[in-house]
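Visitor: After the structure tokens below, expect a handful of questions from me.
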């Protein structure tokens, strides 16, 4: 509450805004609260050249939600603390040792001196705030004529081409040290510093118009270089010195920009800031742009707006005593921040005049800081809880999983993404077929590189690039592969080989092919372009391509047709279970591991998923991943127990039935994650002797199963849903889908800049009120050149018939 401050209950130590404190008192009977206010005081120049404090409209700010830049030298803080006794609102100013018991005084002192969750999260994060290097201002640069090309670098001592650092004194390009994640080099940059004493180096590949990664060997830490533009220009690198003219183009602009960073962020073009409801930015908390981009897209969808923002009073009324640990409360709070317009207001005319008079421009850092939301949604997740860059597609699926597990009312907003995929598998020898259905939320399109329309240009560019690298000349202008969208759609619909296919007709392994079709079309279609892949050395790489994504998409021809006349089904016989004498000798289907890894999941998690699902294929392993993503050891290396030992939870879950004939909980969780009801999952597993694949087939072949009710299970479900507080109304059995025509219109896309999902930056473009808008963290502007051909994830909505 920017005006009323923060009230902290002295019994539970939970904080509340002014509008919620009365409800908390009535609900709990707690009557003693610590009331905190923060006054932001703006400095004005004094007669002696100093600064005099000036209250800024007596407005109160809390640094919990508003990401305004109040940490500069232009502002000071004045904190006020009182003890408030309800219901009479009796106030006691602090400190007050005389009137308060010693225990209360100690508790107040502890609260006032403790770090907030936000500050604590910042201090515990991987990245601390960088300080300016002491060498930056006085750095000596040798006039040796060295010029650095924009790419094609290699270490001058060992010819390595990764983890390269440019010494800012003499222009030497040398490799860094070896890192735990497999990247790095032979430490030649450090050796060069020890020989010469030249202190600063910049990492090649991190230079963007917004800055670069700089390391100080002398100070032994990453640093800021306030003069980085000048230091880079000394070696012919002018990426940070692009001058913008009034028409939005550089003075030296001869050719259009081709760099991903420039095109996707629409650099060099004057963009008009947007303000008001739905145009609120989000602060980047340190590589959290993937979260910002996904949440902007999610809360542009009416179903999510209604479920969380429309139900905000009801969600808050039913929130638990600790709202920081309630998913629906955090979603409602974030959605309200993005859609209310309270944190997206244009600057006052007086502020603009003041900036003109001072000949300076201070950007308006409106927006919200999603620290509490990120802390909750990433809790216990080995990847999202870190400050490393993540895959936006993986985070989208993680979010959908949490939405599924925390129902809000009778409407589940994630229903709009869910669709059924029909998979037709055919034995090439017997020609018999099997039809199965699975639930999915994303249409993954392969990149048909072989269909590039500018192959001659690509071949010529590759030859010039190799010649330039060999001669250490600047590389030629980038030529990006142009791929028709129709070719990607065709590649999606073509049959694919099934590795290690076991034919029930032959009772042996055989060659098999599989085709996928839509058994239902979702209301909102999410399309992922599979730009990220793995090389032969398992190093992730990105395909830099341009795809002509359509504004209007019709995939009606991909509608599933089911078993056709003349087709004969494969017998419903499960493959024999082979238990090796040495479980550690069990082969893991590396092709399934590769498919999962290409989706952005950690490699070790993919190996565990394939192992614990018995090499039944990538689809079954994918469901295992969805059910285990939040486990602490999710990304830990696979440890296969020796024969006779107790297996881990994943293995035990997929083992034999328990003594009470109850199916394993992990199998139940996998089926529930697909959108089915718990009692249906139990019934299907019991009917198929806990065979997961056959259980799914059983569900789709029994549209009207008999109702079963187990009081113990009902009690367990109530306990598991206790934190949700708002229970969904029970619907029909089976996955909840919203089928309809397969015609769509594009309304948003998320783009990625960088070479892999583990680095780079995400930006979101959304179409609102008839025009495109770019959401680049805190910066929200009208888009002039939306780069629809360079997107990574696209959002389409169904066109009403």
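Backbone N, Cα and C atoms are what each Cβ position is placed from, and that goes for glycine too.
Per TrEMBL, the features are:
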type: DOMAIN; residues: 131-239; note: domain 'UBP-type'
type: BINDING; residues: 155, 158, 175, 188; note: Zn(2+) binding site
type: DOMAIN; residues: 280-799; note: domain 'USP'
type: ACT_SITE; residues: 289; note: active site, nucleophile
type: DOMAIN; residues: 587-628; note: domain 'UBA'
type: DOMAIN; residues: 662-702; note: domain 'UBA'
type: ACT_SITE; residues: 761; note: active site, proton acceptor
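For the listed features, I'd like the structural context: burial, neighbours, distances.
Guide: DSSP labels the residues of the domain 'UBP-type' (131-239) in these numbers: 15 helix, 21 strand, 73 coil.
Residue density at residue 155 (Zn(2+) binding site): 21 other Cβ atoms are found within 10 A of its Cβ, drawing on all protein chains shown.
Around residue 289 (active site, nucleophile), the C-beta neighbours below 8 angstroms that are at least 6 residues distant in the chain are 389, 761, 762, 763, 777.
Taking the domain 'UBA' (662-702) as a whole, pLDDT averages 74 in the prediction.
Taking the Cβ of residue 761 (active site, proton acceptor) as centre and 10 Å as the limit, one finds 22 other Cβ atoms among all the protein chains shown.
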Visitor: Count up the helix, strand and coil residues in the domain 'UBA' (587-628) according to DSSP, in that order.
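Guide: Once the DSSP states are binned, the domain 'UBA' (587-628) shows 30 helix, 0 strand, 12 coil.
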Visitor: Ten-angstrom check, please: count other Cβ atoms within 10 Å of the Cβ of residue 158 (Zn(2+) binding site), all chains counted.
Guide: 12
Visitor: Tell me, if you would, which residue among 175, 188 (binding-site residues) has the fewest other CB atoms within 10 Å in the structure shown?
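Guide: Counting other Cβ atoms within 10 Å of each of the binding-site residues 175, 188, the minimum falls on 188.
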